[in-house]
Amino acid sequence: MTEDDPLEPTGVDAGPDETTEADRYLQVEEVPETAPTDDRTWRTRLAESVPSSRRTLKYAVAITVAVLWIVPFIGLFMASFRPLSEIIGGWWHLEGMSITFENYYQAWNYSTAPLSRALLNTFIVTIPAVLVVMLLGVMAAYPFARFEFPLKTTLFFLILLVMAAPPELVAMGNYNSLQRIGLFDTYMGLILIHIGWGLGWVVLFLRNYLLGIPEELEEAARIDGASRYQIFRTIILPLSTPALVSVAVIQFTWVWNAFFFPLVFMRSPELYLAPQVLPLMRGRVQVEWGMIAAGSIMTMAVPVILFLLLERYYKRGMVAAVAD
Amino acid sequence: MSLQDRIDALDTDRDLSVDFDFDREKAVALAVFLIPGLTLFGIFSVGPIVYSAIGSFFAWDTFTMEHFVGLDNWIRSLTDPLIVHWSNMQEFRYPMGALTHNLLWVVVHVPASTFLGLGLALLFADLKGRRILRSMVFAGFTVPPIVIGLVLMFIYDPQAGVFNELLRVLGQDHLVRNWTQSPQVAIYALIAGGIWVHTGFSMLLYSSALSAIDPSLIESAKVDGAGPWRRFWDVIWPLVKPVTAVVVIMGIIWVMRMFDIVYAAGGAAGGPNHAYSVLGIEVYRAAFRPEIDYGMAMVVALIQLFIVAPLALYIARMR
C-alpha cells in the first residue's frame, strides 16, 4: 500500500468498491517465509501486564485525595451521633466513643422551628415547583426548537439574561408583587417564584435536547394527520424522557437546597424550610454542633441520595446544561 | 446554536411573520405551548429585573417607589465603603468592600478550582472505580450550600475543628484560631471551602471532555515516544481547552452569586464588621434588614448582573 494521500478519497468518498476478490486475500507469493517477530520482548510484556508501581502509586494518591475530600462530611456524620462534650474534644478521637440519637431527636423537635415541620415544608414547596417547571418547560421548549415565531430571538436573549442574573436581583420586585397579591409568606408564593426562576434554564436545556431529535418522526406523524398537540404528546414527550429526568433531578436539588428565596419570602417560623432552620440552630453561647450536624445530615440526605440514585442523569444534565 | 445564528434568525423571523398572520391554527398552538410558561417567567423573572433596573433610578420610601432621582442611588452605592472601601484597600486590611471581596473570590477561587478540577479529572481518568472516586469529590456540590457554610464553621472551630487539630499535630499551635471569625484571614478560609466544593463541578466538566477524547490518539502518541508531559500539552490540552472557558465562566458566575456560605458563617452582616461580605449579602442587607434601602439593593444586584452577563452571553456565542 502506498502512503496515505490526503487528497485521495477514501472510504465512502472513494466511490463504488473496486476491490476484487483477489485483492482481499494475500497472494501465495506474498506470504512471508517466517512468522512475524514480536515487537515486544517478554520483559516489556510482563511489565505491561502487571500494574506498575507508578500505577499503584496513582491509585493510592487518587483514593487518598477522594477520601480526604469527604473528611468534612465524615466529621459531620460522626458529630451527629455523639454528645456535645465528645464533639468539642474532637470527633476524630474514637476511644470512649458513645453513640446517641439525642441530636437527631433535638433537631427534629427544635423549639424555634422543628425540623420535622421544616422538612415537610421543603417537600411541599419542592415537589410542585419541580413538576410544574418540567411540564411548562417542555411545552415552551417545543416551539423554541421547532417553529419560527415573532420575538423568538428577543425571548431567547431574555432567557439568557435571566440565567446570568443573581437571585438577589429579582428579590425586590417579587417581594413587592407577592405582598400586593397576598401570596407573601405562603407556600404558593415561594413555589411560583421557584417556577419562574427555574423556567429559564429548563427551557434552554430542553430546547437544546429537542433540537437533537430528528424531525422526520414528526413529519411522518403530521402526514398521518396528527395535530400539533398529538405530536407533542405522543412523540416529543416520550422521546424527551431522559432529558426530563435530568431536569427533575437538578431542579429538585436546586429548589431543595435554595436558601436565599425562602429566607426572603418565608417569614413565619411554621413555614420555614429546612435550609432556613439550620443556621438558626447556632446557640448564643455554645454552638450546638451535635444538633446542627444532625439537622444538616437530615437536610442534605434527600438531595445526596437522589444524586446517588440518579447519578448518570444528574451528571449528564449538569454537563449538558452548561457545556452544550 | 451560536448567537450569530440567532441574530441571522431575526431576519427570518420577520419574513415568516407575514404568513404567520394567516396560519391561525399555528398561532393558537404557539399560544397554548408558550403562554403558560412565559407568563410565569415574565412575572417572576423578567418583570422583577426590569423593575430593579427602573427602580435603581428612583428614591424609595422603604418598599414604595417615590420620585425620580437620576443616578443618586448609583453614586451613593458605588461610593459606599461597604461596596468598595478605598482607604482599607490601600492598607490591604479587611473589610475592603463587598465588590472587592467578590473580585478576590474570582481571582483566587476560580483558577484554583479550575486547576484542581483538571488535575483530579486527569488523575481519575483511567482508573478502575473512577465513577465512585468522582462521585466522592462531586458530592459536595449536591449538598445545600448553607450546610457547606456550617461545615466550614465546624472545620475551622478552635476546639471541635479538624483543621485546627491538623495545625496542632503539625506543631503550629500559634495559628490555631476561629478562622471564620478572624477578620483578616476569614475570607481565605471561606475561599478554601468554596474551592473544596466547586472543584467537583470543574472536575465533572473536564472528565466528560476527557472521556470524549479518542483513546487511540493518546495510544499513538505513546507509541511515538511522547512522555506524559508532551502527551498532555500536545494531545489532551488542545482538546479540553474549549471546556476551560466554560469551567472558568461557570466558576465566575458561581462566585459572583455567592451568598449561602458567607451567610452561614457571618450572618447578614457578612462576618464581623462586614469583614468578608459579598455583593449578594449587601443586597439582602440593604433590601430586607433595617435600614431598608431598596435603591441601593437594586444597584448592587445590577452590578452583579453586569459583571456576569457578558460572560454568559460569551458561553452562548461559543455554541
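Just so you know, glycine gets a Cβ as well, placed from its N, Cα and C.
Any TrEMBL annotation is an automated prediction that lacks curation.
Per TrEMBL, the features are as follows:
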type: TRANSMEM; residues: B:27-60; note: transmembrane segment
type: DOMAIN; residues: B:99-315; note: domain 'ABC transmembrane type-1'
type: TRANSMEM; residues: B:103-125; note: transmembrane segment
type: TRANSMEM; residues: B:137-156; note: transmembrane segment
type: TRANSMEM; residues: B:185-206; note: transmembrane segment
type: TRANSMEM; residues: B:235-256; note: transmembrane segment
type: TRANSMEM; residues: B:294-316; note: transmembrane segment
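Between the transmembrane segment (B:103-125) and the stretches B:27-60, B:137-156, B:185-206, B:235-256, B:294-316, it is B:185-206 that has the most C-beta pairs under 8 angstroms. Distant neighbours of the transmembrane segment (B:294-316): 2-3, 49, 52-53, 55-56, 58-60, 62-63, 69, 72-74, 76-78, 80, 83, 98-99, 245-246, 249, 252-253, 256-257, 279-280, 282-284, 286-287; these residues of the same chain sit at least 6 beyond its ends, with a Cβ under 8 Å from one of its Cβ atoms.
Counted over residue pairs separated by six or more positions, the transmembrane segment (B:137-156) shares fewer than 3 Cβ pairs under 8 angstroms with the transmembrane segment (B:27-60), which leaves the two as not touching.
Within the chain carrying the transmembrane segment (B:185-206), a Cβ under 8 angstroms from the stretch's Cβ atoms is held by residues 94, 101, 104-105, 108-109, 112-114, 116-118, 120-122, 124, 134, 137-141, 143, 145, 148-149, 151-152, 155-156, 177, 179, 240, 243, 246-247, 250-251, 254-255, 258, 261-262, 265-266, 271, 275-276, all 6 or more beyond its ends.
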